[in-house]
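The active site, tele-phosphohistidine intermediate feature in Swiss-Prot is assigned to 10. According to Swiss-Prot, the active site, proton donor/acceptor annotation covers 88, on the basis of sequence analysis. For 9-16, 22-23, 61, 88-91, 99, 115-116, 184-185, the entry in Swiss-Prot reads substrate binding site. Among the features that Swiss-Prot reports, site 'Transition state stabilizer' is placed at 183, with the record citing sequence analysis.
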């Protein structure tokens, strides 16, 4: 039996548009982002996907993308699980900074390492910073030592994997069709795990906003196939645009 999993990065957010590092800052979608969410729903509807359950983060750009896609699918009733473990990678002291200006200051190579390397985190956010998640009431029930002040992709994967094993994988093994709407780096982490991508290869992986990535999985959840829905060239160009965000103007 083939299991189906869709990974969907949220639509364009205001800070995607502004080319700023977002991380755990709770920025909403732009109008373009809302259109992308609806378009993702149409692509999934055209594919004939009937989901049993959905998962998302606790950040509204992902939540609103999921809501927009489910409305287009006419599956608004779907059970939805929200978890901080699906949040975007925490960008530490870079959060809120303009990516191009940061590249001009520190060099494109350094910014690429911070954005796309596997195990090198950006400079950490100070615990006293009001933007640190220990001061956010949505995380009040969590061990403050589990809340990051910065993350690499490796530590993001360490955060995401327990949720995969405890919540998502059992549903897939039960034969459920699952939709995960999350963020560029939490989805890169899942992609790396599912496809056993090397540390070197993951540096070049960019996930576009608002384009569903369909995985077909075997019974043991190894990957049988995966592809973006819709026009492959559109997905390629969108991923290329993501890669260019970290370049100086």
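Easy rule for this one: first residue shown is 1, then count along the chain.
The backbone N, Cα and C atoms fix where each Cβ goes, and this holds for glycine too.
Locations of recorded Swiss-Prot features on the structure.
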residue : record                                          : Cβ neighbours (10 Å)
9       : substrate binding site                          : 31
10      : active site, tele-phosphohistidine intermediate : 33
12      : substrate binding site                          : 22
15      : substrate binding site                          : 20
23      : substrate binding site                          : 26
88      : active site, proton donor/acceptor              : 27
89      : substrate binding site                          : 28
99      : substrate binding site                          : 23
183     : site 'Transition state stabilizer'              : 27
184     : substrate binding site                          : 21
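Between the C-alpha atoms of residue 15 (substrate binding site) and residue 183 (site 'Transition state stabilizer'), the distance comes to 13 Å. For the pair formed by residue 99 (substrate binding site) and the residue listed as 'active site, proton donor/acceptor', distance between Cα atoms is given as 16 Å, rounded to the nearest Å. For residue 23 (substrate binding site), the nearest of the recorded positions by C-alpha distance turns out to be 88; the candidates were 10, 88, 183.
A separation of roughly 11 Å, to the nearest angstrom, links the Cα atoms of residue 12 (substrate binding site) and residue 183 (site 'Transition state stabilizer').
The distance from the Cα of residue 184 (substrate binding site) to the Cα of residue 88 (active site, proton donor/acceptor) comes to 7 Å.
Between the CA atoms of residue 9 (substrate binding site) and the residue listed as 'active site, proton donor/acceptor' there is a gap of 10 Å, rounded to the nearest whole number. A distance of 5 Å separates the Cα atom of residue 88 (active site, proton donor/acceptor) from that of residue 183 (site 'Transition state stabilizer').
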